[in-house]
Amino acid sequence: MKQSHFFAHLSRLKLINRWPLMRNVRTENVSEHSLQVAMVAHALAAIKNRKFGGNVNAERIALLAMYHDASEVLTGDLPTPVKYFNAQIAQEYKAIEKIAQQKLVDMVPEELRDIFAPLIDEHAYSDEEKSLVKQADALCAYLKCLEELAAGNNEFLLAKTRLEATLEARRSQEMDYFMEVFVPSFHLSLDEISQDSPL
């Protein structure tokens, strides 16, 4: 049986730090970011279904979100100001991401490839799926800004402002619900979020 390096590569996502050009009170790696995006994307899908008449597969959304940055294990996490410096760079980076996604898919044993390819190749996402994952991705970046600012790190002030504009552009009913119900707690201390539910 032929060996596959697929999961050995994915395990290295934890070695790639996000926000590499900014001082961080606490560094965040791509692996933990992907887990948070998966949880938030699942929540957005569940909220959409339960509250706003949606009909999306929340579990699939969580899986797509879990793999949404998988190609960064081959490309690294390019800082946003570089990635979107101009339209040409953004377009070229998209092409590089596509190649990296295909390279990852090709690592999967052929008999399993049809399972993993639609998770890694974002071109297999429906528009609705892509929208939910992008909303969750932006929300998690925004939450990171809130955490850094709460720790006194003003380095994230402009990033927060930029992400507020991104969230506004991707705004949805499910995002509004999430922002109203879950986000305010990110401004609180551990004692404040624990006082209602002591162990």
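Cβ atoms here come from the backbone N, Cα and C positions, even for glycine.
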- If Swiss-Prot gives HIS33, HIS68, ASP69 as binding divalent metal cation, which of ASP137, ASP176, ASP191 does it give for that site as well? ASP137
- Item | Assigned element (helix, strand, coil) containing ASP77 (substrate binding site), judged by DSSP | coil
- Quick one: Cα separation, ASP69 (divalent metal cation binding site) versus ASP77 (substrate binding site), in Å? 9
- CB within-chain contacts under 8 A for HIS68 (divalent metal cation binding site), separation at least 6: SER34, VAL37, GLU122, VAL133, ASP137
- Query: Per-residue pLDDT averaged over the domain 'HD' (30-142) comes to what?
  - Reply: 93
